[in-house]
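A short worksheet on the structure shown next.
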Amino acid sequence: MGAGCVKVTKYFLFLFNLLFFILGAVILGFGVWILADKNSFISVLQTSSSSLQVGAYVFIGVGAITIVMGFLGCIGAVNEVRCLLGLYFVFLLLILIAQVTVGVLFYFNADKLKKEMGNTVMDIIRNYTANATSSREEAWDYVQAQVKCCGWVSHYNWTENEELMGFTKTTYPCSCEKIKEEDNQLIVKKGFCEADNSTVSENNPEDWPVNTEGCMEKAQAWLQENFGILLGVCAGVAVIELLGLFLSICLCRYIHSEDYSKVPKY
């Protein structure tokens, strides 16, 4: 390998690892966000889903390893330290294997995860109270108001709430209330609201002034719309990682051959 080519490879690998260092910080931050977030669907799930909490710690661990790996790769590439390049190669290979494993597990457990999410949401709906003081209830109110959905499958899921259905007048979950399209301001209401000019003597969900579409459909629609982007990002990261493996091997072999060329021959 020519000296010029080696120099280009070395500094390209340095730039690559600098980006990887930043990526590691982003992944670590994402894991911390999952644990700390209190106002989204993530918060609803993590309060009762051990799988999501484990996933958050995995993100934190992978992020930390990626940061260390990026640092080792930068030092190893600039100073041509073969040992550090070797460690970098091993770390990168392990991360690539882990990503493929997680992807396969997620694909084959998608139905199980969907069922777990549904059970979690329905548990919140059944036990929801007019005061809505728990973190799970507040988080679910935020989700319904932000996404403009109601219930998991539909607004009829709320008929399983005994307190709500015990009202004699038209009463509905406040966070499900249908807002005018021109009103872009997000207002998260809590508890149960009584419909204006309610004259009926029973609480019929047909009369609720709410969004009728369930949050499950909204989530599926979002995934379908952004599936191409998600797939492209994952494929791009995998290609970059494979390129990093290739460059580290090339530089490692060059350093190895250079070391042997300096040995005196008799």
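Any Cβ shown, glycine's included, is placed from N, Cα and C.
Swiss-Prot assigns Thr9 and Arg82 to the same side of the membrane. Mean pLDDT for the topological domain 'Extracellular' (111-227) in the predicted structure: 85. 12-32 is the stretch from 12-32, 84-110, 228-249 with the greatest number of Cβ pairs below 8 Å to the transmembrane segment (54-72).
Under DSSP, Asn127 (N-linked glycosylation site) is assigned to coil, being neither helix nor strand in the three-state scheme. Within the chain, the transmembrane segment (84-110) has long-range Cβ neighbours (under 8 A, six or more residues past its boundaries) at 17, 58, 62, 65-66, 68-69, 72-73, 75-77, 234, 237-238, 241-242, 244-245, 248-249, 251-252, 255.
Across the structure, Asn127 (N-linked glycosylation site) and Cys74 (S-palmitoyl cysteine) are spaced 53 Å apart at their Cα atoms. A separation of roughly 54 Å, to the nearest angstrom, links the Cα atoms of Asn157 (N-linked glycosylation site) and Cys74 (S-palmitoyl cysteine).
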